[in-house]
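Please read the structure below before turning to the comments.
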Amino acid sequence: MRIAVYPGSFDPITNGHLDIIERAAELFDRLIVAIAKNPLKKPLFTLEERLDMLRETLKFYPNIEIDSFDGLTVNYLKAKNAQVIIRGLRAISDFENEFMMALTNKKLVPRVETIFLMTRAEYSFISSSAVKEVAMYGGCLKGLVPEYVELKLREKFRKEGC
Ligand code: COA
């Protein structure tokens with residue numbers, strides 16, 4: 001069975017992430033969307049809230065599993081018997097960091113491959129930070145995030161939007 005892991009912060013999941021997830025799920029028998037518990041990041045949403053948004057958004061995809069992990073992504077892959085890391089590439093600016101991470105992961109565990117999917121052009125500008133900023137100032141979130149995430153952002157900032 002071909003198992004891939006899409007790791008990230010997902011604070012929160014956006015339509016850009018969703019696009020990558022849907023396409024990766026077509027390519028593998030099983031896709032694990034896993035939240036990395038990064039102690040250096042200060043997320044807006046708690047781990048439980050982020051897991052809840054992933055579960056709700058992805059509940060109709062039969063071959064997708066939602067999870068979270070501590071420590072190195074490559075160790076998580078080993079534990080899950082997975083060989084592939086999925087990452088999305090939005091623009092040239094993503095490349096440097098992604099290149100560094102892919103090479104570090106390969107150095108740590110040579111059998112691990114990172115597969116990059118190019119984000120669809122219409123999502124290439126979306127980031128979780130931008131979405132949070134729009135929500136904070138009550139801007140329109142339509143088309144940027146799944147409806148359930150929009151609701152959760154509205155609750156967090158107590159702003160109405162469009
Ligand atoms: N659509 C929309 N946004 C996207 C996106 C897409 N397709 N792809 C990335 N992004 C955005 C995210 O929203 C996020 O935006 P933000 O910075 O505004 O919040 C940003 O790109 C990066 O987020 P993410 O993809 O979640 O990556 P990350 O840098 O938070 O985490 C990990 C990357 C989890 C893969 C990495 O830190 C990791 O592997 N950690 C575990 C520890 C480890 O193994 N370290 C060694 C590896 S070097």
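Quick reminder: no glycine exception, Cβ is built from N, Cα and C everywhere.
Keep in mind it's a predicted model, so treat the numbers as computed, not measured.
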Q) In TrEMBL, the ATP site includes SER9, PHE10, HIS17, GLY88, LEU89, ARG90, TYR123, SER124, PHE125, ILE126, SER127, SER128, SER129. Which of GLU26, GLU98 does it also list there? A) GLU98
Q.
Are there binding-site residues among SER9, LYS41, THR73, ARG87 that sit within 10 Å of GLU98 (ATP binding site), Cα to Cα? If so, list them; otherwise say none.
A. ARG87
Q.
Fewest other C-beta atoms within 10 angstroms of its own C-beta: which of the binding-site residues HIS17, LYS41, ARG87 fits that?
A. LYS41
Q. For ligand 1, which among the binding-site residues SER9, HIS17, THR73, LEU89, SER124, ILE126 have a CB under 6 Å from it?
A. SER9, HIS17, THR73, ILE126
Q. Any idea what the Cα distance is from THR73 (substrate binding site) over to HIS17 (ATP binding site), rounded to a whole Å?
A. 18
Q) So, in DSSP terms, is GLU98 (ATP binding site) helix, strand, or coil? A) helix
